[in-house]
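Notes to accompany the following structure.
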Amino acid sequence: MKKQLLKIVKIGGNVINDEIALFSFLQDFASLDGPKILVHGGGKKATEVSSAMGLQPQMINGRRVTDEATVEVVTMVYAGLLNKKIVAQLQKNNCNAIGLSGADANCILAHKRIVKDIDYGFAGDVDAVNSKFINVLLENDVTPVFCAITHDKEGQLLNTNADTIVSEVAIGMSSLYETELNFVFELKGVLKNIEDKNSVIKQINLEKYKELIDAGIIADGMLPKMHNCFNALEKGVGKVKIGDASLLQSDNKLYTTLSLK
Ligand SMILES: Nc1ncnc2c1ncn2[C@@H]1O[C@H](COP(=O)(O)OP(=O)(O)O)[C@@H](O)[C@H]1O
Ligand SMILES: CC(=O)N[C@@H](CCC(=O)OP(=O)(O)O)C(=O)O
């Protein structure tokens with residue numbers, strides 16, 4: 001039997017900080033038919049709040065170095081302010097959303113990220129997604145909204161890149177649904193020339209992805225994003241798209257589609 005389509009969407013911190021773009025996007029998201037899941041970042045806001053508190057935000061290869069003070073700030077910003085603001089806006093648009101961290105209902109289990117020579121502190125990599133519980137929500141027409149906070153089941157909250165969360169959630173749900181993963185950020189897609197906002201590369205396969213990395217065209221936050229996109233495709237996610245806040249509009253034709261071949 002053909003599986004039902006589940007749309008999984010991620011919005012990044014630059015869109016979240018632009019209230020006009022955010023509210024317009026949330027209106028489009030709320031009106032999507034069928035089951036859907038939203039994952040949000042908020043890195044930009046976390047950087048602003050950390051700086052205002054006298055901390056010195058540090059990113060390495062698109063990921064935040066998360067010391068003890070920073071994990072508290074990001075929990076307040078992501079799981080608190082941003083998650084609840086987004087849920088309230090979806091409720092306004094008649095989408096019955098529920099805001100969750102990875103600790104809630106053990107939805108996203110993670111472990112402390114260990115990378116040779118780099119200490120990311122309380123940053124997490126995902127081990128398991130509670131697709132069974134998430135499906136209970138979907139089957140009751142409730143839309144889960146995940147922030148970038150996970151847990152390790154030892155009582156420790158972990159800051160996890162939102163692109164990683166969304167791809168792991170998509171992979172986890174792929175056993176139950178046909179999945180489509182959409183990355184919404186402030187640009188129209190993956191650009192050939194970062195100075196030219198219209199130089200969108202419409203189609204990127206695995207081979208082209210490697211060429212773009214070697215050429216230095218993919219950098220910064222785009223590195224973990226694309227890595228997560230291909231990881232999702234390799235593990236059963238049906239379709240992956242990257243674009244701006246108009247990505248969910250049916251008349252939008254300018255975005256990047258990723259494929260393995
Ligand atoms: N080739 C590229 N095309 C588009 N963006 C790129 C590219 N290379 C690097 N980037 C950078 O990646 C950023 C997106 O990553 P990130 O800030 O993590 O996104 P998000 O807001 O979704 O979290 C863009 O703002 C851009 O500066
Ligand atoms: C470990 C790590 O890097 N976590 C990210 C989580 C938020 C995020 O991914 O936000 P954007 O999608 O807006 O970039 C961070 O704190 O920036």
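Even glycines carry a Cβ here, placed using N, Cα and C.
Summarising the annotation, TrEMBL assigns domain 'Aspartate/glutamate/uridylate kinase' to 7-243. Marked as site 'Transition state stabilizer' by TrEMBL: Lys10, Lys225. Feature annotation from TrEMBL assigns substrate binding site to Gly42, Gly43, Arg64, Asn159.
All features noted in TrEMBL, drawn onto the structure.
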{"residue": "Lys10", "record": "site 'Transition state stabilizer'", "Cβ neighbours (10 Å)": "27"}
{"residue": "Gly42", "record": "substrate binding site", "Cβ neighbours (10 Å)": "26"}
{"residue": "Gly43", "record": "substrate binding site", "Cβ neighbours (10 Å)": "25"}
{"residue": "Arg64", "record": "substrate binding site", "Cβ neighbours (10 Å)": "24"}
{"residue": "Asn159", "record": "substrate binding site", "Cβ neighbours (10 Å)": "27"}
{"residue": "Lys225", "record": "site 'Transition state stabilizer'", "Cβ neighbours (10 Å)": "23"}
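Lys225 (site 'Transition state stabilizer') sits 11 Å from Lys10 (site 'Transition state stabilizer'), counting Cα to Cα. Averaged across the domain 'Aspartate/glutamate/uridylate kinase' (7-243), pLDDT for the predicted model comes to 96. Cα separation, Gly43 (substrate binding site) to Lys10 (site 'Transition state stabilizer'), rounded: 13 Å.
If you measure from the Cα atom of Asn159 (substrate binding site) to that of Lys10 (site 'Transition state stabilizer'), you get 16 Å. Each residue contributes its Cα atom, and for Arg64 (substrate binding site) and Lys10 (site 'Transition state stabilizer') those atoms are 18 Å apart. The Cβ centroid of Gly42, Gly43, Arg64, Asn159 marks the substrate site; residues of that chain outside this set whose Cβ lies within 8 Å of it are Gly13, Gly41, Ala46, Thr47, Thr66, Val74, Val77, Tyr78, Ala148, Asn161, Ala162, given in sequence order. Checking the recorded positions Lys10, Gly42, Gly43, Arg64, Asn159, Lys225 for a CB within less than 6 Å of any atom of ligand 2 leaves Gly42, Gly43, Arg64, Asn159, listed in sequence order. Across the fold, the C-alpha of Gly42 (substrate binding site) and the C-alpha of Lys10 (site 'Transition state stabilizer') stand 11 Å from each other.
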